[in-house]
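Feature annotations, reproduced from TrEMBL:
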type: REGION; residues: 1-37; note: region 'Disordered'
type: COMPBIAS; residues: 14-31; note: compositional bias 'Basic and acidic residues'
type: DOMAIN; residues: 160-465; note: domain 'Phosphofructokinase'
type: BINDING; residues: G167, R230, G231, G255, D256, G257, T258; note: ATP binding site
type: BINDING; residues: D256; note: Mg(2+) binding site
type: SITE; residues: G257; note: site 'Important for substrate specificity'
type: BINDING; residues: T284, I285, D286, M329, G330, R331, E385, Y441, M442, I443, R444; note: substrate binding site
type: ACT_SITE; residues: D286; note: active site, proton acceptor
type: REGION; residues: 518-561; note: region 'Disordered'
type: COMPBIAS; residues: 520-532; note: compositional bias 'Basic and acidic residues'
type: COMPBIAS; residues: 547-561; note: compositional bias 'Low complexity'
Amino acid sequence: MASHIILPPEDADENHHQEEEEREELGHDDAPLEQPPKAALPFSATCVRISRDSYPNLRALRNASSVSLADAAYVKISEGDYGYVLDDVPHFTDYVPDIPTYPNPLQDHPAYSTVKQYFVDEDDTVPQKVVVQKNSRRGVHFRRAGPRQRVYFGPDEVKACIVTCGGLCPGLNTVIRELVCGLSHMYNVNNIYGIQNGYKGFYSSNYLPLTPKSVNDIHKRGGTVLGTSRGGHDTKKIVDNIQDRGINQVYIIGGDGTQKGAYEIFKEIRKRGLKVSVAGVPKTIDNDIAIIDKSFGFDTAVEEAQRAIDSAHVEACSAENGIGLVKLMGRYSGFIAMYATLASRDVDCCLIPESPFYMDGEGGLLQYIESRLKENKHMVIVVAEGAGQDLIAKSIATSDQQDASGNKLLLDIGLWLTHKIKDYFKSKKMEMTIKYIDPTYMIRAIPSNASDNVYCTLLAHSAIHGAMAGYSFTVGMVNGRHTFIPFYRVTSTRNKVKVTDRMWARLLSSTNQPSFLSQKDIDEASEADRLANRPPLPTGASHRVASSFEQSASSTSNGEI
């Protein structure tokens, strides 16, 4: 279904005249142009509202898109004054007519009776970019999460399911618990089911009934009580199962690949005209989900990673020329390594995927290690798992193998560095001891800490409020406020450490390590950041929309202070 551009009714004749001029330019003036219908086009998620100010640029709008027509049909962009852009999320009313609504049960809930203005106003939005100048455009906004005064499900009507996909992460059980308890306690929902072992569980496993009693203490355990897996996504079979079982709320917990799967499930649901909400709760221990401030489990991971660094520091200090080498999670983004390093203050060198380094020669890593040992007699190195993969590929024949989620299998940078460092000091006839610590799976398997428990609760409740209100979305915190984010925005790119920002400069100052970057590397990193954080523009996006998206991309939600 192609997307429509809804123009102001009074401009219809002007629109028709401009289309005639375009046809003449293209040499198609031999056939008469049909008069536009007098009836206004219905507004739906397949429409992009274009203001009158941007209407003269219609021809440019048609060429401004980098999202396919198939995806553009699910994009909702609204414009307002002063460069305001709302990147909205799909709603039942976009494709299902005449749906009844109900008063929100929370209005009669004794726990919330004293809360003033508890319901979120439908016009409340949250800006993606919070730091502005006096002449800045208002930029891209997302719909604010929270309970609505009217909901699209009665309590007895709801049949919800929850699924966890991908790798383990602290907080998975907490999100499951709070989804079950929130649905039950806030909205009086009784039919809640767990999908076992990831996406394939929709069509290969029995549904597991969940109640507040059955999930009461699962937040004290690591992992996921539902089980998880990678891959296994068959959109049609999943939606067939959802339809056959009468499921009308689907809660999907997982990383960017899982959210892409959730987006495909939503599109198939909408194609079939089903009244089913799809709510994604983004999960990645690496903190590389775009747009959101941080992902749940990240604080716990940093805290536990610091314990591994402390152990490495003890080992290093207890031996002459001792080196403690710690490998942490971070396939594409080095946030855990960076924040654990800053928290520890015992690290002498931090290596992440975003900052290339070299081993040999003047200013190389090996020379730096040697100078640091001569100065301090010990050192601690932290390396993210995705760092230095290009160096390993040059020295070891590799194959592009992938896991079930389509991620390239990485070689062990920690083990490779250990051997390179040993060989270097052996050639120098210099005594040294190196201890390699890989706490990856220990960190993934622990329960979430207090901070993440609260965050998981708020994410789960926001997901419930949005699903009850008829939206399909990924939930996340943007600039400290919980929001409903379109699926395509969190799956189109990854959040990465900006090595040209002040936070990375703080780390370099803390460790006193060389940056290993030439000016060319810095320029390339800046350009890569700019391109990576520029979201794909929906078909029909105006110059004003494109400008606002570009400005928002220049400052990510993880921007440094």
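Glycine too: its Cβ is placed from the backbone N, Cα and C atoms.
Those TrEMBL annotations? Automatic predictions, nothing curated.
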C-alpha spacing of E385 (substrate binding site) relative to G231 (ATP binding site), in angstrom: 22
Between R444 (substrate binding site) and G167 (ATP binding site): CA-CA distance (Å): 8
Cβ neighbour count (within 10 Å, all chains shown) around R444 (substrate binding site): 20
Within 10 angstroms of G330 (substrate binding site), Cα basis - binding-site residues out of R230, G255, D256, G257, T258: none
Fewest Cβ neighbours within 10 Å, where candidates are the binding-site residues G255, G257, G330: G257
Most Cβ neighbours inside 10 Å, all chains, among the binding-site residues D256, D286, E385: D286
Candidate binding-site residues R230, G255, G257, T258, pick with smallest Cα gap to T284 (substrate binding site): G255
Least buried by Cβ count (within 10 Å) of the binding-site residues G167, R230, G231, M442: M442
Recorded substrate site residues T284, I285, D286, M329, G330, R331, E385, Y441, M442, I443, R444, farthest C-alpha pair in Å: 17
Nearest recorded site to T258 (ATP binding site) by CA-CA distance, among binding-site residues D286, E385, M442, R444: D286
G257 (ATP binding site) versus R444 (substrate binding site) - Cα distance in angstrom: 18
Candidate binding-site residues D286, E385, M442, pick with smallest Cα gap to G255 (ATP binding site): D286
T284 (substrate binding site), number of other Cβ atoms within 10 Å: 29
Rounded distance in angstrom between the Cα atoms of E385 (substrate binding site) and D256 (ATP binding site): 18
